[in-house]
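Worksheet: one structure, shown below.
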Amino acid sequence: MMVSTARAVVCLSLCLCVCQVRGSHIPARMNKTIQNLLQHYNISNKDRFNGKPVFPKEPLSGRMETKMLFMGGVLETYEKLIGQMLEQLPNTTPPTAGSREGLNSAAPEVSVRTDLNYILKKVQELRTNRFKEQSKLLQGLHDLGDIKMNNFIIQSKALWELQWMYEEASSLSNNTKMQRRRRRRRRQARKVKTPTRA
């Protein structure tokens, strides 16, 4: 579990670094915090670069809507993952009046907890400010997974709704094809209208 957690933190830092290269601003404090956390969640290079990223990169090469939905899911997953990391940290107990060792041993966990809370806050802010629509859609998809498949009433109602759902899905598919054709025609028309310079 610790290895997958560390991989996730590495992927978060990689994603944030990639975003920075693309022009997004990552606060210096956030970069430093991630580096501090990577020191705590230290894994070998063999584990870090084993060719199996926590989050696949393929969805990021698709259409913008797909990328936005995927990144909304990634941010939601990071919220859950960082929450799990916080739960796994040992609870720090306040030191007794004569004890100094409790203070020294609790300091790294307190720092890690503070750093994780900061990163969690930043991820939540990004998700709520820029991925509201995707969050709603993802919640709807999660709700679909919670449908009780073995319930007779649910089965009957689902059959009743199938005609409408099937028609909607078919028309969406057709609309997408039509939009592609229109875009292709517009591009071809622009090519024809644009005079070639000799």
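Every residue gets a Cβ built from N, Cα and C, even glycine.
These numbers come from a predicted model, not from an experiment.
Lifted from Swiss-Prot, the feature list:
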SIGNAL    1-23  signal peptide
CARBOHYD  Asn31  N-linked glycosylation site
CARBOHYD  Asn42  N-linked glycosylation site
REGION    173-198  region 'Disordered'
CARBOHYD  Asn174  N-linked glycosylation site
COMPBIAS  178-198  compositional bias 'Basic residues'
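When the Cα atoms are compared, Asn31 (N-linked glycosylation site) and Asn42 (N-linked glycosylation site) turn out to be 16 Å apart. DSSP assigns Asn31 (N-linked glycosylation site) to a helix.
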